[in-house]
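See below for the structure under consideration.
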Amino acid sequence: MVERASKFVLVVAGSACFMLILYQYAGPGLSLGAPGGRAPPDDLDLFPTPDPHYEKKYYFPVRELERSLRFDMKGDDVIVFLHIQKTGGTTFGRHLVQNVRLEVPCDCRPGQKKCTCYRPNRRETWLFSRFSTGWSCGLHADWTELTNCVPGVLDRRDPAGLRSPRKFYYITLLRDPVSRYLSEWRHVQRGATWKTSLHMCDGRTPTPEELPPCYEGTDWSGCTLQEFMDCPYNLANNRQVRMLADLSLVGCYNLSFIPESKRAQLLLESAKKNLRGMAFFGLTEFQRKTQYLFERTFNLKFIRPFMQYNSTRAGGVEVDEDTIRHIEELNDLDMQLYDYAKDLFQQRYQYKRQLERREQRLRNREERLLHRSKEALPREDTEEPGRVPTEDYMSHIIEKW
């Protein structure tokens, strides 16, 4: 009896081990349905729930909140990424070439700085960015440069012929101005210069008098934060507004073209207008929301979810409150733009999530109604029609009565 019980225990234990091993190899690849026959939860679980108590600062009409485009990758549509320094654009740029689920993925080969991102139906690029076409319009080209340069560059790369003109969808990332400024300082401190940037505007580059250098020598490595802040020509100041505005409106880099206060006002309003007109923009501080809005805007899906890394080089810089206030003053236009952009970003996210929830509730309701109607059909089919008494049968009953 003891021997038989021992064999039984061994069989059960062996079966359990076999099932465990089988699950380890096959389990991750299995698609198991949710209980009750319901579909598994969608990717909405990846994204933060909108704050129901969020207070809007600015009014935006629905047309500014709705961003569902019919991006035609097989047609003539092109995504143009405006990469502002130290906004997380390098990471986002890699997402575009390595992490988007595509019919024909970008060809990224080890050791090469650029990937080949062809359309599914022809050898022509659908993405204009650092990691696909390189710095074809200059290092970190701004809105003024890109809008005047991109069409010509692509026409030379891929002659249009008789086809319809291309449609360009501009995208960018913004970042908290203080964090971005500190990050740029640390980058310059390590030897970065971006001195090969063209700053092309109205067909010419700025003169040395219009854009004097902040340092002598090959770079500004080792500069202190105070030295970085003291240079009045430092392009780090209000960089995001300058790179998003139409510089032609203010005489490009000629500071004597219009009064300083008027110039600042025109730059800020132009940057806001161009930001609203872009197909998409994200915020470095909200990675998952940025992923969500990009996917819903272009109807493209990322393979792996975005990660929020808050421990950046700027995050490790300890500065006092007076220094932070000074940085905010130097970047006053960027502070105003970011406040505006953050509110628009949050409203777009809230609007789209609410819209999707409403559509999901309608789909669920339609599915329930359809399910109930299908359940009712078999009972109706199996019911036999009642027998109608014949005239002879009724006469027979009456006679007996």
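Note: Cβ is positioned from N, Cα and C throughout, glycine not excepted.
Copied from Swiss-Prot, the annotated features are:
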- 28-401: topological domain 'Lumenal' (TOPO_DOM)
- Lys113, Lys114, Arg130, Trp135, His140, His187, Trp194: substrate binding site (BINDING)
- His140: active site, proton acceptor (ACT_SITE)
- Asn254: N-linked glycosylation site (CARBOHYD)
- Asn310: N-linked glycosylation site (CARBOHYD)
Mind giving me a neighbour count for His187 (substrate binding site)? Other Cβ atoms within 10 Å of its Cβ, every protein chain shown.
17
Quick one: of the binding-site residues Trp135, His140, His187, which has its CA closest to the CA of Asn254 (N-linked glycosylation site)?
His140
Lys114 (substrate binding site), number of other Cβ atoms within 10 Å:
17
For Trp135 (substrate binding site), which residues of its chain lie six or more apart in sequence with Cβ-Cβ distance below 8 Å?
Ala141
Between the binding-site residues Lys113, Arg130, His140, where is the Cβ count within 10 Å the lowest?
Lys113
Helix, strand or coil: which one is Lys114 (substrate binding site) in, per DSSP?
coil
I'd like the number of other C-beta atoms within 10 A of the C-beta of Trp194 (substrate binding site), please.
14
Over the topological domain 'Lumenal' (28-401), what does the predicted model average in pLDDT?
90
Through the lens of DSSP with three states only, how would you label His187 (substrate binding site)?
helix
Taking the residues Lys113, Lys114, Arg130, Trp135, His140, His187, Trp194 listed for substrate, what is the greatest CA to CA distance in Å, to the nearest whole number?
22
State the count of C-beta atoms found within 10 angstroms of the C-beta of Asn254 (N-linked glycosylation site), not counting that atom itself.
17
